[in-house]
Amino acid sequence: MDSRDKKGIAKVVSSFGYAIEGFIYVCKTQRNMQIHIAASFIVLLLGTVLSITAGEWTVVLLLIAGMFSLELMNTAVEKVVDLVSPEYHILAKHAKDAAAAAVLVYACFAVLIGGVIFLKYLF
């Protein structure tokens, strides 16, 4: 392995480290992410107890991953907007509101899809 390969691997490892730092930061500081994590644990427990199918697990896991990803992006948008526009500006508000709306839309559809998956097991 030449030194370029080692540098490439080191960059990849560093990138993963930064991503993990970002995830931990959002988990520690963002109330909505904490709510998503708690809801995800409940959904995972419910899926286990109800023995949902492999296909249903796939959908549930994709929904959880999507929710986490959107919340991470929402936080990134909020932080960048705060950085570049520390004073109130209507465009900054619109950007933050749109990012929050994306999370809300996804969360609503995740609940609907979750209902389709889980309600048949509960009733």
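Keep in mind that glycine also has a Cβ here, set from the backbone N, Cα and C atoms.
Positions annotated as active site, proton acceptor by TrEMBL: Glu71. Spatially close to Glu71 (active site, proton acceptor) yet at least six residues away along the chain are Val26, Gln30, Asn32, Met33, His36, Val103, judged by Cβ distances under 8 angstroms.
Classification of Glu78 (ATP binding site) by DSSP places it within a helix. For Glu78 (ATP binding site), the number of other Cβ atoms no farther than 10 Å from its own Cβ, over all displayed protein chains, is 16. Per TrEMBL, ATP binding site is recorded for Tyr18, Glu78, Glu87, Tyr88, His89, Lys96, Asp97.
Summarising the annotation, TrEMBL assigns substrate binding site to Glu71. Look at Glu71 (active site, proton acceptor): DSSP puts it in a helix.
The annotation divalent metal cation binding site is assigned in TrEMBL to Glu78.
Per TrEMBL, the feature transmembrane segment maps to 35-53 (among others).
Among the features that TrEMBL reports, transmembrane segment is placed at 98-119 (among others).
Proximity of Lys96 (ATP binding site) to non-local residues of its own chain (separation of 6 or more, Cβ distance below 8 Å) is seen for Val77, Glu78, Val81, given in sequence order. Farthest C-alpha pair in the ATP-binding residues Tyr18, Glu78, Glu87, Tyr88, His89, Lys96, Asp97: 30 Å apart. Beyond its flanks by at least six residues, the transmembrane segment (98-119) meets 32, 36, 43, 46-47, 50, 52, 56, 59-60, 63, 66-67, 70-71, 73-74, 77-78 of its own chain at Cβ-Cβ distances under 8 Å. Residue environment of His89 (ATP binding site) contains 12 other Cβ atoms, counted within 10 Å of its Cβ in all protein chains.
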